[in-house]
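Colleague: Okay, here's the structure, questions in a sec.
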Amino acid sequence: MRWGLRPRGPGAAALATARSLWGTPRLPCSPGWQGATKRLLVRSVSGASNHQPNSNSGRYRDTVLLPQTSFPMKLLGRQQPDTELEIQQKCGFSELYSWQRERKVKTEFCLHDGPPYANGDPHVGHALNKILKDIANRFHMMNGSKIHFVPGWDCHGLPIEIKVLSELGREAQNLSAMEIRKKARSFAKAAIEKQKSAFIRWGIMADWNNCYYTFDGKYEAKQLRTFYQMYDKGLVYRSYKPVFWSPSSRTALAEAELEYNPEHVSRSIYVKFPLLKPSPKLASLIDGSSPVSILVWTTQPWTIPANEAVCYMPESKYAVVKCSKSGDLYVLAADKVASVASTLETTFETISTLSGVDLENGTCSHPLIPDKASPLLPANHVTMAKGTGLVHTAPAHGMEDYGVASQHNLPMDCLVDEDGVFTDVAGPELQNKAVLEEGTDVVIKMLQTAKNLLKEEKLVHSYPYDWRTKKPVVIRASKQWFINITDIKTAAKELLKKVKFIPGSALNGMVEMMDRRPYWCISRQRVWGVPIPVFHHKTKDEYLINSQTTEHIVKLVEQHGSDIWWTLPPEQLLPKEVLSEVGGPDALEYVPGQDILDIWFDSGTSWSYVLPGPDQRADLYLEGKDQLGGWFQSSLLTSVAARKRAPYKTVIVHGFTLGEKGEKMSKSLGNVIHPDVVVNGGQDQSKEPPYGADVLRWWVADSNVFTEVAIGPSVLNAARDDISKLRNTLRFLLGNVADFNPETDSIPVNDMYVIDQYMLHLLQDLANKITELYKQYDFGKVVRLLRTFYTRELSNFYFSIIKDRLYCEKENDPKRRSCQTALVEILDVIVRSFAPILPHLAEEVFQHIPYIKEPKSVFRTGWISTSSIWKKPGLEEAVESACAMRDSFLGSIPGKNAAEYKVITVIEPGLLFEIIEMLQSEETSSTSQLNELMMASESTLLAQEPREMTADVIELKGKFLINLEGGDIREESSYKVIVMPTTKEKCPRCWKYTAESSDTLCPRCAEVVSGK
């Protein structure tokens, strides 16, 4: 117990006595028995007397001690969200973070908040993420750590800029860079306030007064220092390379800024590249009587004008075939002969085969420019999965193509401009035509005219789209700033071996994504972001960046923000005193660069600004699976590049939210769940009731977050029902300790009833398991373990058998105080166990605990504390063997009141008999612990069967395996349960069948009443 009222349990002597050598634990009333009977035996408490004496009738109503608490069983309608708001105010939710930061504790737990994007209303994905983080933080705080959790927002970038421009419409065309930036900042701030309010309403504990924002000048300055660190190490460079390019956004994009449309339709074509000069081997296989062409397939016809080569796989087999339709000879992969012939609706006769290496030194002519030669070149990226096994290569429009061109010094001319339109270099027929639309049409017609088009067909496949404009992208070479991640990747993968990933499979996913990444383009051609601190010469292809110029810019940004790049004149951005340090070039010869940094670099350097201490390493990063290629990766790469260490120790990856049937949420399907509606209810509250924040939190904790997470009305109703059952359990606990003071009324553990000691034993096991599950971040198992405990072990089992003791014994009777002592400990452990998940409910319960005089906050009183003296595995044998017999008894009287029967238990002499004697020392009793478990009129314990029995008895046989000293001693004992109707009458006070007549009290009640 951690209410701060008393030390727990007896001293060292009692502790030594408690160290019994008993068997392996089993759950209560588990079927650890084997038996045979003429009736069906059911594991249930059906048939048990589970009454609550009626205090509203009869002359004894004032003598019954019924539960007393103001804790409500249910909160209806607006009561739930309104109560939560009252609790947040009363219990100091807003002060909790600063309070715990001021504690003097040795350990610190740092969870680094991946910044959500500041461009919209809060959604259930936010709820899933923030609540998971809060559960982890609240547990670690209660468990003794100081929490470092600074929320942040990703404020720059294309999505915000596009949203602002789209809202402005035609007006946007006339805006200056600074006007766009001003409106983008205002938009981001508004989104941040909406999201922040929602996060606070959900009960998220954080440093809300000191959040980080990527548009803050101090943050931007840190980012620029990291950029220059990497530049100074030679890891950042400017180059002309193909990158993903969004014509709709007019900027380069990173892989993480793409989304793939599986329904994209491309126009795929089979194209002839006439053989110009055969390789020596190929020349020996053809006689020159028929035209020979290299056969190529592509899904991007618009790239054909930029072709510079055709690539083959050196190790593969190729075939020279004759086409039955045209008589022409074609060269293609031997494995593709049949499938390509079928596609072209013809037949191929194989003339000869050769190895890929035998194509070396061959050339073919460009299919649109006959005078231009395209060499045949080896390449490892060629596959046989689709196409012809020969790949058209346009260095300006493909990553692998660029690699081949670099190796063989091929031209890399780009024929496409920033708008995705052919330039004049492509020729008059193509100039000014959009490559993905009319440009493709014209290229195909040109191929037809040149008689080099064999087939065109539509292909539905996955294709990259701009994540914000939802329009297709192209690959286009341009001058950009890149990070050389080849060397960084090697070090990063080595460092990842020391990082714990949950689930473990996420590590492989992240490594695979890094391996597929040839380089990282970090420049963007927009204005809403952090400028790359580079100056370009007005007339020469030169740029200026060094430590002096960068540090000057960094200091300006730190003081005034990155707007200075667009507002200050060149002579202030490049003052003479700075230029004199580097040889004195004239500032007027240079202009500030127009590129800004990729937002993944923006957010990926957050570790440098947010993480505390010299190590600057977070204990935990926790984000959605999309961040394996996003923030997790950009944080790792920048951290490894700048300081050769990973920024995190543990990475948790959760899934995405879906509709409750597993479908994607969309307005058209009408299945979008808004967290504000979940918490506060919708317009029609009969259809969209206010669940409150705790239901949202329970949904998060109860979900298998490592896969996709479903949410919908039935899921939320199930969460509400779970919490309702938990409230009933808590109300029972609170109501039955109303007259109990732990300081004066507690019973020493060794003097408690066996069943009460047994519950403490189970409670300690529960506490240990829950603590370990929280440490493993397995919140779903925490919920399931708790739910099982409060429904099965408490409501269905323990509460049903102790009601008589609680309600009908004398107020200060040790038997009653014994179970109240257990109830206090149960209440303590249960409340602390769910507090990180349901903070509002935990605080509400805390305010209703009668023996806490000035309750403040359960979160300021620590984690679960149990005593080693509670651990009594030996008691399990007594209680569980009795439960096996009880199950047998109750199963024999389905639907009937157990209190109307008496039970004779016959056990052969041995260990089982001695164990059961712990529960009943006398031969027959209506008040023993055994009879309390049986819930019968009376219980008799015998070593041999009675000689005379009436004809209406039920005989049940069974066996119970006793396990002692960890399995060293095992003994199977037989028992018999004899059930017969009682001859006693119903007591008018306790309703047990223990009275001599229906109008007289049973002996126990007579004694209690006479003492009142």
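Using the three backbone atoms N, Cα and C, a Cβ is placed for every residue, glycine included.
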Colleague: Under Swiss-Prot, which of the candidate ranges 169-173, 214-218, 664-668, 969-973 is annotated motif ''KMSKS' region'?
Modeller: 664-668
Colleague: Just to confirm what the record says: which one of LYS38, LYS781, LYS957 has N6-acetyllysine annotated in Swiss-Prot?
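Modeller: Swiss-Prot annotates N6-acetyllysine at LYS781; the rest carry no such entry.
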Colleague: By the record in Swiss-Prot, which of LYS233, LYS445, LYS959 is the one labelled N6-acetyllysine?
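Modeller: The candidate carrying the N6-acetyllysine note in Swiss-Prot is LYS233.
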Colleague: According to Swiss-Prot, N6-acetyllysine sits on which of LYS183, LYS775, LYS976?
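Modeller: Residue annotated N6-acetyllysine in Swiss-Prot: LYS775.
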Colleague: Here are some residues: LYS163, LYS189, LYS317. Which is flagged as N6-acetyllysine in Swiss-Prot?
Modeller: LYS189
Colleague: Any idea which of 116-126, 358-368, 853-863 is down as motif ''HIGH' region' in Swiss-Prot?
Modeller: 116-126
Colleague: Where LYS233 (N6-acetyllysine) and LYS194 (N6-succinyllysine) are concerned, what is their Cα separation in Å, rounded?
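Modeller: LYS233 (N6-acetyllysine) to LYS194 (N6-succinyllysine), Cα-Cα distance: 41 Å.
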Colleague: If I take the alpha carbons of LYS667 (ATP binding site) and LYS194 (N6-succinyllysine), what is the distance between them in whole Å?
Modeller: 21
Colleague: Comparing the modified residues LYS479, LYS781, which residue's C-beta has the most other C-beta atoms within 10 angstroms in this structure?
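Modeller: Output for this query is LYS781.
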Colleague: I'd like to know which of these modified residues, LYS233, LYS241, is least surrounded, judged by other CB atoms within 10 A.
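Modeller: Lowest Cβ count within 10 Å among the modified residues (LYS233, LYS241) is LYS233.
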Colleague: Might you list, by sequence position, any residue in that chain lying six or more from LYS74 (N6-succinyllysine) with a Cβ less than 8 Å away from its Cβ?
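Modeller: SER724, ARG727 - these are the non-local Cβ neighbours of LYS74 (N6-succinyllysine), listed in sequence order.
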Colleague: Let me spell it out: take the motif ''KMSKS' region' (664-668), skip the flanking residues so only those 6+ beyond its ends count, and list any with a Cβ under 8 Å from a Cβ in it.
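Modeller: Answer is 124, 657-658.
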Colleague: Please give the average pLDDT for the motif ''KMSKS' region' (664-668) in this predicted model.
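Modeller: 80, rounded to a whole number.
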Colleague: Helix, strand or coil by DSSP: which one applies to LYS775 (N6-succinyllysine)?
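Modeller: For LYS775 (N6-succinyllysine) - judged by DSSP and reduced to three states - the answer is helix.
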Colleague: Tell me the coarse DSSP state (helix, strand, coil) of LYS667 (ATP binding site).
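Modeller: DSSP call for LYS667 (ATP binding site): coil, neither helix nor strand.
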Colleague: On the three-state reduction of DSSP, what should I expect for LYS725 (N6-acetyllysine)?
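Modeller: Where LYS725 (N6-acetyllysine) sits, the three-state DSSP reduction gives helix.
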Colleague: In DSSP terms, helix, strand or coil for LYS781 (N6-succinyllysine)?
Modeller: helix
